[in-house]
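Asks: According to TrEMBL, the domain 'Electron transfer flavoprotein alpha/beta-subunit N-terminal' annotation covers B:3-184. Annotation source TrEMBL lists FAD binding site at B:R207, B:G263, B:I264, B:S265, B:G266, B:A267, B:I268, B:Q269, B:H270, B:N284.
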Amino acid sequence: MKILVCISSVPDTTSKINFTADNTQFDTTGVQFVINPNDEFGLTRAMWFKEKQGAVVHVATVGDQSVEPTMRKALAIGADEGIRVDATPTDGLFVASQLAEIVKNGGYDLVIAGRESIDYNGGMVPGMMAAMLKMNFVNTCISLEVEGNKATALREIDGGKEKIETSLPLIIGGQKGLVEESDLRIPNMRGIMMARQKKLNVIPAADAKQGSHEIKFERPAPKGEVKMIDAENLDDLIDLLHNEAKVI
Amino acid sequence: MSVLVYTESEKGKFKKNAFEVASYAKAIADTTGTEVTAVAFHAEDAETLGNYGVSRVLLVKEDALDTFNARAYASVLAEAARQESASVIVVSSSTDAKYMAGILAGDLEAGYATNVVAGPESVSPLVVKRTAFSNKGFMFTELKSERNIIGVSSNAFGTHESKVDCSVETFSPNLGDDQFGTKSVEIDKVVGKATIADADVVVSGGRGLKGPENWGMIEELADVLGAATACSKPVSDLGWRPHGEHVGQTGKPVASNLYIAIGISGAIQHLAGVSASKVKVVINTDPEAPFFKAADYGVVGDAFEVVPKLTEKLKEFKAQNA
Ligand SMILES: Cc1cc2nc3c(=O)[nH]c(=O)nc-3n(C[C@H](O)[C@H](O)[C@H](O)COP(=O)(O)OP(=O)(O)OC[C@H]3O[C@@H](n4cnc5c(N)ncnc54)[C@H](O)[C@@H]3O)c2cc1C
Ligand SMILES: Nc1ncnc2c1ncn2[C@@H]1O[C@H](COP(=O)(O)O)[C@@H](O)[C@H]1O
């Protein structure tokens, strides 16, 4: 089985988010970039397929040179080879087109992407790829087993889960649950050394449409003061929630 | 030309978000002088959409589309969009809608903006405001394809009544076997209980509750409020609660009217996922807990004393205000 894991490089979850140049750009000063958490769960599941079922695992990203450390980390965790499309990921449609091109040319059986990237929270790239490639697709995937050509997946739905039977070639939008939190791997010294020898191919972007673009950013309005209520006077809380906040 | 809207239903009844997306579509149609056409699957009272500005309903009754299938539903929407020459398609932010709309966007090579939190900034060009960076920022996105998809955040735009004449017609899509490459074999879902995605109130517990055996009081409080229950990430990692209840940046987003956080410290990853909730109440023993800075109302106290008391008082309140 040949697996492609799509990796987006995103600000670490603890990052403070600021904007520059009249709020038209995201300020990356001091921001640490990491593998998108949803992709990290997917990559870890891919490592399981590699170790238990002999799968070959490639990782791919669309981004400029600044994302290379994130890709090296993915290789250090154990992916066999990396591909970077040398382009700014302008919007979902553009990114999905680039990744679809890689999948077409690489003959992958399983494409693991994340439910969403935690920076722009688009949640659209894997679905778009599935449509472009006419591949089966399971989103919000929380468990995946593959036997030969058959795949069984669990997907999270609002208020529960759904079991899905499908077949390869398949794309999933993965998230926590795909593997347990405790299964996530921190690259060790050996992995880091080996990653240096691994191929990270840089390829130019294919011609592709773009469906949207960002005009500007805005910071959330500052929050008002919290009103503290004495634990002995919970009637006050109920009164405030009913008469002031009007939520009960 | 029309504005197309995907109105979701469950067991034949429209979900609340169906009226939200219809209201949103109507707002666009009003500014462009067009009408709203809805696509609904197996809905019983399709014409009720007329109360929210929908002039026509394309009702799909195919047996094969009885249960949600993202690939097949996307094909139906794509076919309807082409037939109606729709330039804008409005969908909700439910898990199913997001699943379907990504595929639809690929089919139509459409620009797609998700998590949209306000009516359009402008209609020509089409610019919408959406959350990004897990609620740590907003961004204004211009959609510039021939057809564009807007995914509306739940509870953000609201429902707006706007009564119009509504006609319902059966829509028979062209579907092939290749649309059914994924098969739903089992659905395991709590029935009759609010879900985090659509509940008005969410009651959430953190590691401060000490163990899974103490969730009874969380559930009782949630019951009185008709609320969904949720938890912080470590609580689901520890197996105290199911993964589906984990909220935050890497879990489910919460956009309820009221979010009650009990024994949750308020780490940045947790706050990022819940700050879209309109009103936040925090109950914590530690007056220095970071969550108080992000809260509207705070109670410093032991959850094991405060929560049962609050539940009792809410019961009395509900009885009086019923
Ligand atoms: C990459 C990454 C992603 C993450 N994503 C998420 C996410 O999506 N969601 C999320 O929640 N977390 C997430 N986290 C974890 C986050 O950083 C915090 O560790 C977590 O939110 C803490 O959970 P908690 O508040 O339940 O526990 P704690 O931090 O242990 O807090 C427990 C709180 O309970 C209070 N308390 C103790 N006893 C009582 C009592 N008797 N009554 C009342 N209060 C009491 C304490 O004062 C304390 O404030 C993420 C972390 C990382 C690194
Ligand atoms: N620039 C990118 N490079 C590679 N994969 C990406 C990129 N952007 C998004 N993806 C993949 O698509 C998933 C969903 O991203 P998004 O649609 O941007 O929320 C991510 O979890 C990644 O797996």
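Glycine too: its Cβ is placed from the backbone N, Cα and C atoms.
Bear in mind that the values here come from a model prediction, so they are computed numbers and not experimental data.
I would like each feature placed in context: is it buried or exposed, what are its neighbours, and how far apart are things?
Replies: Of all the Cβ atoms in the protein chains shown, 20 others lie within 10 Å of the Cβ of B:G266 (FAD binding site).
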Asks: Determine the Cβ neighbour count for B:I264 (FAD binding site): the number of other Cβ atoms within 10 Å of its Cβ.
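Replies: Cβ-Cβ neighbours of B:I264 (FAD binding site) within 10 Å number 31.
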Asks: Write out which of the listed binding-site residues, namely B:R207, B:I264, B:I268, lie with a C-beta under 8 A from a C-beta of chain A, sequence order kept, or 'none'.
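Replies: Sorted by position along the sequence, the hits are B:I268.
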Asks: Enumerate same-chain residues with a sequence separation of six or more from B:I268 (FAD binding site) and a Cβ-Cβ distance below 8 A; give 'none' if the list is empty.
Replies: B:Q249
Asks: Counting Cβ neighbours within 10 Å across all chains shown, tell me which of the binding-site residues B:R207, B:H270 comes out on top.
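Replies: Of the binding-site residues B:R207, B:H270, the highest Cβ count within 10 Å belongs to B:H270.
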Asks: Taking only the binding-site residues B:R207, B:I264, B:I268, B:H270, which have a CB closer than 6 angstroms to any atom that belongs to ligand 1?
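Replies: Near ligand 1, sequence order: B:R207, B:I264, B:H270.
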Asks: What does DSSP assign B:I264 (FAD binding site), in three states?
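Replies: Its secondary structure by DSSP: coil.
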Asks: According to DSSP, does B:H270 (FAD binding site) sit in a helix, a strand, or coil?
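Replies: In three-state terms, B:H270 (FAD binding site) counts as helix.
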